[in-house]
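First the structure, in the form of structure tokens, and then the observations on it.
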Amino acid sequence: MLTLLATHPLIFRIASSTYGRFDHVSSDGFGIIGRGFWWTKFAVWNLGLFPTHNPYAAAPYGQFQGPWADLLALFALPLSILIGPLAAYNVFILFGIFASGIAAYLLGRHLTGSRQAGAVCGIVYGFNSNALILPYTQLNAAYIQWLPFYLLALIRFVEARTWRNLLLLCAAALLNGVASFPYYLIFLPLLTVLFFAVEGVAFLRSVQGERSVLEALDVRGRIEDLKKLLAGGGIVLAFLLPFYYVFVGGSAVVQSGARDIRMQAELALKPGDYLFPAHNSALFGEWAQATYWRERDLNWNSAAAYIGYPALALAVYGLYRRRDRRTAFFALLAVFAFLTTTGTTIDLLGLRLPGPALLLHMIGPFARRILIYKVFVQLAVAALAGIGAHALLSRVSNPDRCGLAVAAICAAMMVEYSIIPPLQSTDLSQSPSVYTWLADQPGDITVVEYPLKRNNGNGYQGYLFYQMIHRKPLFNGDVNQSYIPAQYRAFWKDMEVPAAISDYNNQALLRHFGVKYVIAHPRVQTRTVIFRSLPQPDLSRCAGLRLVRKSTDSAEMFGDAPTDYIYADVYEVVAEPATAMLVWDYQSPYLPHSGVYQEEKKGFYPPEVLDDGNGWRMMRNDGEIKIINLLRTEQRVDIAFAAISPAGSKTLQAVVDGRPIAQFRLDGTPQRITISDVALFPEEERVLRLHAIEGAEHLPNGLEISAAFSDFHVSGRAKP
């Protein structure tokens, strides 16, 4: 009942809405609905495929799909078939919140022997603001219910080292490994080491003298315990290793997701995040926004970590009244997790020391969201609050008064944590008309949603969500490019920069790879938020694209439904299929700048849109272009493009595989240049270097440029 109240009115709109208050679908949760729940059902039920291989993304080659959210979707497959992917997703949200409260209740009851104290523990952990906000985005991040189960199983195993308790511990570890956020699994070894360290200290303090220690240690019994732990580790690995290779994709996929340590510092919490109510708190939200959140530069939903003052007071009281190894462990866990979430270093007495987050980075280099470990702070506080509640209630002799006191405490905390009103519901009953139009187009035609990325390098999750409406393969990939042949991946990377589509040869490459339509979003925005991309060129000027449908939707037509993808024009790709691919040597604008241009004083900059509405590739001194033959036969190609020297007259030299083949004079006006008759052998790669003999000049915009190029057009003639 508490779960239904906290998520109202989700249970009444389970097939037409989802949890959270959004006017957009550009967040991870909507991507998981499409990429995870819909795709899993569509792959298994409609295509007869195992869902880890997704030919409907990064088409025509597909992509490896996984791992965590998609495994949850696999568990939900029977529900998705019976009631639909959206309803199944909502059921899993409800189950996650409910099970989190139940798991913490069981932990609190075991720690205190009191159901009332267990109820307090369950409220603090399962219904705090963070637990209610986590399902907004990452469903697997919201699956925090297995963490209390793991601690409960660990404590029970230490108290009674039976095979039954060992199997429960293994099951809890596996559930955290395969059904929850991967970061939680990374943290568990450190949590376990901390737990046994406290157990060891408590054991040493309980005995005195070498003889007593050896006698109390019971070496033979400890050897048996070690055998059980090793057996348990073998059981866990026997399940996790296949999961790692089948669903995660192995080390290649993990390493491709490795993060720079700088990203951890950017996603750190501040102490105030734990002390100020969530920005959408029903009671204190407006006050918290005005006094704290408006100055917070991190995403407010991500930073929400409010503990609650009643819970904090009960936790402190529990520490005061009960001083044993359990309270010591939970206090240390709270401090350790707090330090992990608040940065990569610890400032102590003027010294900057490495923090626990650095150790976690060594264990899981792909883990950059250190703020997610706040759940361990909240778990520790919940356990201590349960202990404190038990100590407080033990002073109340009347059972009726005790029950009333527990009800009052729990009700006060539920009200304090509540994020309703307003209602946490997003209406998904309407879709942009472009996707229903696309669904009506015959055949499994491939489309590209454009632009491919936001200006921060993240993808547009709405593309994944609305794929369940149109059901067409997407050129866009969202996880990795491991299935795309290595020699072609550069084209997918080039297309991530919006200006790159200006090149006729890129339009021809889209046609070569089977793309029929470009779904162009000139803007992705709502009344409250804009999801910007890098500047887009004027697609109406692209000779290889033909406009076939203009956007007809307006925000007024959608009421409270999301409107961020309603602005969409459709272009048919009419360019002749490419016979050769051009690969550029520039550094992605979405990656941290390495200073390569300053160090090497050469190379292309990422393509940019200039005042004429076209995409231009600007070069410093000289740049390298690889030419890849897409045919299985020998061909001769002509490479035509527009060129300009922004800072005055200059000589441009073309060199193929180290041999000069042409020379051109550039000036301040664009001129068309053709490099003729370049021989390409089957599946061969050749290198074209464009060299500005007179060097580069500083322009008013701050760039150092020798020449700029646009609209590359490669025409080939197969050798008879």
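Keep in mind that glycine also has a Cβ here, set from the backbone N, Cα and C atoms.
Database features (TrEMBL):
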type     : residues : note
TRANSMEM : 87-107   : transmembrane segment
TRANSMEM : 119-137  : transmembrane segment
TRANSMEM : 143-159  : transmembrane segment
TRANSMEM : 166-184  : transmembrane segment
TRANSMEM : 229-247  : transmembrane segment
TRANSMEM : 327-351  : transmembrane segment
TRANSMEM : 371-393  : transmembrane segment
TRANSMEM : 402-420  : transmembrane segment
For this session: Give the one range among 119-137, 143-159, 166-184, 402-420 whose Cβ atoms make the most pairs under 8 Å with those of the transmembrane segment (371-393).
Result: 119-137
Problem set entry | Distant-in-sequence neighbours of the transmembrane segment (119-137), which means Cβ under 8 A and at least six residues beyond its ends | 2, 6-7, 19-20, 22, 27-29, 93, 96-98, 100-105, 107-109, 111, 144-145, 148, 277-278, 280-281, 301-302, 304-308, 311, 314, 374-375, 378-379, 381-383, 385-386, 389, 406, 409-410, 413-414, 417, 419, 424
Exercise. In the same chain, who gets a Cβ under 8 Å from the transmembrane segment (327-351) while lying at least 6 residues past its ends?
Worked result: 187, 190-191, 194-195, 198, 202, 261, 264-265, 268-271, 274, 305, 315, 318-319, 357-358, 360-361, 370-374, 376-377, 379-381, 383-384, 387
